[in-house]
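The annotation ATP binding site is assigned in TrEMBL to GLY154, GLU155, SER156, GLY157, ALA158, GLY159, LYS160, THR161. Residues or ranges marked as compositional bias 'Acidic residues' in TrEMBL: 787-800. Residues annotated as domain 'Myosin motor' in TrEMBL: 61-736. Summarising the annotation, TrEMBL assigns domain 'MyTH4' to 821-1017, 1354-1505. Among the features that TrEMBL reports, domain 'FERM' is placed at 1511-1809. Positions annotated as region 'Disordered' by TrEMBL: 764-800.
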Amino acid sequence: CAACFQGEWVWVDSDIGVPIGAKVKVTKSGRRLLVDDDGKEKSLSQEQEASLKIMHPTSVEGVDDMIKLGDMNEAGLLRNLLLRHKRDIIYTYTGSVLVAVNPYQAYPLYSVDQVQMYHGRQLGELPPHIYAIAESAYGNMTRNLRNQCCIISGESGAGKTESTKLILQYLAAVSGELSHQQIEEQILQSNPILEAFGNAKTIRNDNSSRFGKYLEIFFNKDGVIEGARVEQYLLEKSRVCHQAPHERNYHMFYCMLAGVTAEEKKTLSLGDAKEYTFLSKGDTVDCEGRDDAKDYKIICSAMKVLTFSESQCQEILKLLAAILHLGNICFEGEFPVCSFQVRKSSLASSLTHRSFMTNRERVTKPLSAEQASDSRDAFVKAIYNKLFVWIVGKINNVIYKKLANNPKSSFLSIGLLDIFGFENFKTNSFEQLCINFANEKLQQFFVGHIFKLEQKEYRKEDIVWNKIRFSDNQNILDVLAVKPCNLLALIDEESHFPKGSDLTMLNKMNQQHSGNKTYIASKSEHHTDFGIRHFAGVVHYDSKGFLEKNRDAVSFDIIKMVDLTTNKLLHQIFETELSTNVGKIGNNSKVIMTPKNSLRSDSRKQVTTLSAQFRQSLDSLMKALSACQPFFIRCFKPNNEKQSKVFDRELCMRQLRYSGMMDTIRIRKLGYPIRHTFVEFLHRYRVLLKTTVCDPKTVSRHNHTFDLTNPLWAVFLSRFFCLCLSYRKSFLKKRRAAVVLLLSRLISQTYLFFKKRNVPTPVEETSVETSEQKIVTAASSTPTPSVEEEEEDDEFDEGSDEFSFNAFSSLHFQGNADHTHFNQRLRQPLLHHDDEGDALACLTIWWIILRYMGDMPEPRPVDATSQSSTIASRQLPQRQGRRLSSLVGLDQNFTEEDNILIGEGPTLDRPLSSLEKLQFIIGYALSRPNIRDEIYCQICKQLVNNKNRRSRMQGWILLSICLGIFPPSEVFMKYLERFVRRGPDGYGKYCAERLTRTAANSARKELPCWTEEQAAKSKKPIDVAVTIEDDRAIRLQVDSASTSAEVCQAVADQIGLRDTYGFSLSGRHVFDAVSQCEQEMRRQGKKEKDAPWRLSIRKELFTPWHDTSVDPISTDLIYRQVIKGIKMGEYTSDNDNDYVHLGAQNYYIQFGSACNKDNVGKVVEECISTTLLEKKSKTKWIELINTAHMEVNDSHFSDTGSLSLATVKGEFVLTSADAVEMAALIEKNLDGLRRRSVYALAQQDVGKPDDPAFLLCKRGDLLLVKDRSGFPDNNVMKVTNQRTGAECAVHKDTVQFLPTLEKPTDVMLSKTLFLEASKTDALTQFARCRRPAAKDAGRHGAGKVVVRERLWACSREPLKQPLLKSLLGNSDLSNLACSIFTDILGTNYMGDYPIKHARSPLELTDQIFGPATQHEALQDEVYCQIMRQMTNNPSRLSMERGWQLMWLCLGLFRPSPNLQKHTQHFLESRPRDQLAPGCLKRLHQMSRKEPRKLPPHPVEVDAIQQNSTQIFHKIHFPNDTSDVRHNTRLQTLGWDIHQRALDHTIDFIYMEEQNYFFDSLRQTSEAPKKAKKVKEGNPAMAPYRVIFKRKLWFNVSPGKDLVADLTFHFPQELPRYLRGYHNCTKEDMTNLGGLLFRVEVDSDRSQFVMIPRMLRELVPADQLKIMSPEEWKKHIVSAYNRQSGITVQEAKIAFLKDISSWPTFGCSFFEVKVSPQDEFTAWFVRQQFEETELLVMHPFSRITEYQSDSGYFEMTIGTMGNIFVCETTQVSGCFIFIFNNGKMHKQIHYSIDQSVPESSFLLFLLIVS
């Protein structure tokens, strides 16, 4: 059923013949819909439902390599390309084949940074890119010293030419880094020239290559470009004379006409393009997106780089002009001959007459107008073709010059093939046949390389293989050029017959091939067309003109005319024909055009037809390609209209089918992925050979046979395909299978694949024979004793005291075992073991120890009989634990259900390396802790009285390694410590230290690694480099027992890290992680020593009280860790906005507020993961982060998760393998919070009436602890009762400290005391708390249900009582609640209830939110009312307005804790609404902030009504803007400006910094109550301006901060000075006047005459009249001259330095009137410095009354009632702070009359002592 598929992506049949993707959707009404990839919805019928197929997850999201697709079909490939095309991802891999989809728009994917990114990287390491293919070719060439080629194929318009240029650019870039030559630039500059002369606009492509090009680039052994060579194929000559509708001639003609100068045009007699027949036949002379004039300049520049001389360029222009003039000839008028430089009569005769030889004389015959036109066209085509060949030759002379004299074999090369794509036009001629023939050859090469060679290799190796059917086009090539009487042969044959015609040719073709399915014969004798079923589709060709084009001939008369020309270039390009044929004119009427081609050998016989030449060139090309290692780039075009963002499924499906992509994926997916050479195979798996000796030097490969009766092989042959499948399953599933199966599969695969290959030169191996058996030793690094082994006395003395090993053996060894060396197998363990599995394991370990020490030789491989006899069949008790095979990687036999060891597995009875044996021994010790003492005893036993020196050394190495991995039991500890201290050759001290450290740091969990074994041999510590997050490498010395904590502390000591808590490496022990890396390398078949491991430290644990300011080094490391973690995908989020937010913060931290797209790009690369970049393009991420950058100042990193066990929100059960460690960590955090907390709960009623020092408190009171050790008695604390406000002391045992650093809310306290149950759904819960709406409601439950149902759905009627029961007891709040709901329903808001007197949205928002900001009890009511009206509301407009109200509400106050989670659920359940995500974000933000105090500002209301969630407010200081959000505080706004403009070291103070910006703005800008009443519905808002100024001038020192001086200090002080607010001398004024004059005119002395007019800008206003203007000028000029040599900026600083010494510097001045003496104007100065002289002083006790109103502030002073009134019009609003003895006493706000047109909002202090 469809419900089963709901939400799933499925495949649906489509009209294009291939299923498309769609998502199943079931509506609430049960209607079943399909939403396809284009977003279109359609009903799902039952018939369709039956055909639905679930889409594989890889097809849902798309993959970068289509081999990974789970849906291995055409639909999967097509949808993958579609998804990536939608995400602007144009490149996709199919194995090593790159699919490039033409985007038809420019992308920033090819910068220098991209080149650096892909250089040196393997294919597949980075996202698909054409640079990756280029790098692979370049890398393979330099590594393998083999020539490479890139074959770029696809339809016309698919982007082949651009892809070729990009590869060329990449190769030139990587080579240019190593080269000091100009050859790279010359090769690049050949492109514009070849494109100009060889490319043209077609209906499918604006820059279509009309010739084939093979560019071979030559490199030296260092990978530096030494030269290149261009081969061109089959230029479309007919385009010079004829173009199809809407197509153009070659670019060069239009570039020449647009780019040459007027003088050159006059010289060449040229006009506009529309005037020439050859340029206007396609009715198109312009090409959108191309600038022909600009391109002409580029072409000329390129020609200079390639050493074209000026005269050669002019000769080229002459020939091009002559071609255009010839095209306009109608054979009636004069002939333009200036460009050809021949006589008119000669040109006219050669074009209008044709001469031929009879038996005795030459006869000249006049031509008809049509024949003359054809002759002219043939001549023009010959000229252009020969000119193009000459230009290519000229280019090769430059770029190939250095290599011409050197053998080609001395260089390596990369070839780039850019050849015409498959073509199928309305009319197809001979050129299209040749082009499509070339594409058939290339398709065969692709098929042969990818498919045929693959299957041929399998057949050669006799591997059973199901042949895959693929699209083979050999039958097409047979018809075209292979079989006898093929089409091209018939065309050539008919071309040689004098009377041959197109009709006779077509008849022969129909006759020979009419029965072939590939050939489509003409319908009748009157039709001139035939068809070919190409691999890309059927193409019909018009045979008209075939023979003429194939003959490629020019008449003798024209050649004779060319011979007479004085045009050097024309003569030069026809030089071959002239020298070869002119002397033989006696018997020929035509000269055959056979230009020399560099791919053809000179010794070959010249061919006479164009098709033969082309076939010869194509054969040479295919031979060259076959000698190279090829890379394929399949170019796709998404649509035929050349439009971006348009994906034509049918067109792309057709391209997929004939490109071979499906078969490529199938063959690569089903093939054998693992292949070895015979040498590698023999070296790795020779242990399976039946013979005991394998010396590749003397023994032939064919003498060695694999025993297929071996069970290893039998298992493989019977379960081969199952194992192939299991190889691709998860590691856990692979581990459940026996390792023998995996080993057999690998061996069988490689053996079958290389079974019959010739034996290469073998590697040398040695063998040692004993008297008993032959032993292969090459596989083991453990020394094997020989008969010549020298014995010596054992000098080791283990002593005989009470803790000697001898004493321990006497007490604990079983049977007759003693403590001395023994080289035979044990029959029972040395110690007693209750577990039989432990006992068996001990016997196996003894065997391995003997082999490790060399006391027993390595065994030979066993056959099937002996192998089966060694497997025990005993059933052991059940034992849980870790498998040994997963630890050691060896084959062990386990019971299927019990997972326990049964004896010794067959793979142990083979040669093992020393590391394998070591890991086997220690692996058992780790998995079976009870046998650890046994292992130590066995090793110690073999070290006592051992006379073999080499064996003893191996034993001490083994013992020292074990001592670094696991400790002995407490019983054996003293004995072992005593034993190792007496060890020889430095091992005593070394082993004792390891034993001590391992005992202290506990046992390891992983096997020893190769690094540890090497260190044990040298008895030295291990040198490691520990990488920290800032990429520094810290060198340390560690050992096997080193722990993460020790390494972290050592690193911290070196780098000065103080806050080390939570920093660690991976796991507890350092080398456990290294061991895991080496085990993974072995699973991959590689050597352990090659494991690429490194140590790095990161922060793993965080405490709730973590303070980032404590340790800047720690903070920096954590920050870098977070950024890298986001990049690597360690920290993920389902919301892309989170990544945008973090990226914006990262940008701000690195680069500050200045926006720079290049820097944003760096941030994207630094912190946006590759997966996200594939989902959205890099350009899109840059745009998003750039937009979000303005919001970063009000954003903070926040933790989204919490970890707890029993919390006030409920109990949580956490399940983990590390439950003990987790519990300890939680308890540590809680304990740390309690120790730092200053909040406690009274646990009981405490009180002593007779002792008032003790506080009477009730159980549950919140206490603020002032001093936890304030009294002599440590059990007594000073506290403040938060309920009563009284201070007292309580005993510690009567309170409970709360684990919090912030004051808990009342709700949290109540939950802590009573552990309330979790609340149910918000609306239902609140409904239950409410009374029934009507008093006469029914008493039965049904009636209540009806009321509840109506209560929480959209309503169109006002409320009669509030929704919340808590408001019913307060009539005032109840009435307000009902009024609020009516306003919500109002006409100008949600519009669900018509109101007679409509009010503005601002009035409604004031009345909706105003009461709630003043009464906290109404806040939940407002939320519930809004959510109620948004539930089941059918009106789209009403819902939109409801979301607006929700948005505003969430910016004012938060819902109560009871309601918050339900509000969150309400928002999360509506993700498709435009404002829902933003509302959810605001909910989280508001939950951390204090509520607003006033309703929304008009700016906020206007913005949200336009669905704008961002408000940009102009701040009037240096004309900058700042993004101010609805809940932005003044502190945040000030900090934003501070960060953008000022020195960050300056401390800032913001008045009322915790107030919200819009609250403060509203207080200031609202019309005062006393202002004139305005009309109802239009509330007045005073115009305002927000100014950012410096108001507190403490410690201002000019010159210290230039930004502050120039931005604030100088602009603020200059007006005060010019208004005359300062007392200054005449000398001060003249000196400052000189500085200000320099500020105005800089060093322009000509402005001296303007000084009298500028005096008001130079001198204080009240001092202008003390001297005449001329005197002022004289003094100012003198001062100006004295100050010469300083800049304008320095002049401003000097001005500030001069006035900073004055006592009134930095003061704020206000013009005031003091009543009752109105005529007296005084200055009221707000003093900022204590040392400044006070103008007036009023003791605070003398101020009896004060008040303020619009524009004035009034104080009554003294008992006599003296009134002091201050009036001003300088500010519209002031906040006045009255201070009494340093403490704020009163805050007053006032604003002036509304008549002020525009004024300022200002914050200042009035200090009254």
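Count begins at 1; order follows the chain as displayed.
Even glycines carry a Cβ here, placed using N, Cα and C.
Of all Cβ atoms in the protein chains displayed, 25 besides its own lie within 10 Å of the Cβ of GLU155 (ATP binding site). A Cβ within 8 Å of the Cβ centre of GLY154, GLU155, SER156, GLY157, ALA158, GLY159, LYS160, THR161, the residues given for ATP, is found for these other residues of the same chain: ASN102, ASN205, SER208, GLY421, CYS635, LYS637.
Taking a C-beta cut-off of under 8 Å and a sequence gap of six or more, GLY157 (ATP binding site) has these contacts in its own chain: ASN102, THR202, ARG204, ASN205, SER208, GLY421, LYS637, ASN640, LYS642. Summed and averaged per residue, pLDDT over the domain 'MyTH4' (821-1017) gives 77. Around the Cβ of ALA158 (ATP binding site), 25 further Cβ atoms fall within 10 Å across all displayed protein chains. Long-range Cβ contacts of GLY154 (ATP binding site) within its own chain (separation 6+, distance under 8 Å): LYS160, GLY421, PHE422, ARG634, CYS635, PHE636, LYS637, GLN655, SER659. Under a cutoff of 8 A between CB atoms, and with a sequence separation of 6+ in the same chain, the neighbours of GLY159 (ATP binding site) are ALA100, ASN102, CYS635, LYS637. Close to THR161 (ATP binding site) in the fold, though at least 6 residues off in sequence, lie GLU195, ASN199, ASN207, SER208, SER209, ASP418, each with a CB less than 8 Å from its CB. SER156 (ATP binding site) has a Cβ environment of 21 other Cβ atoms inside 10 Å.
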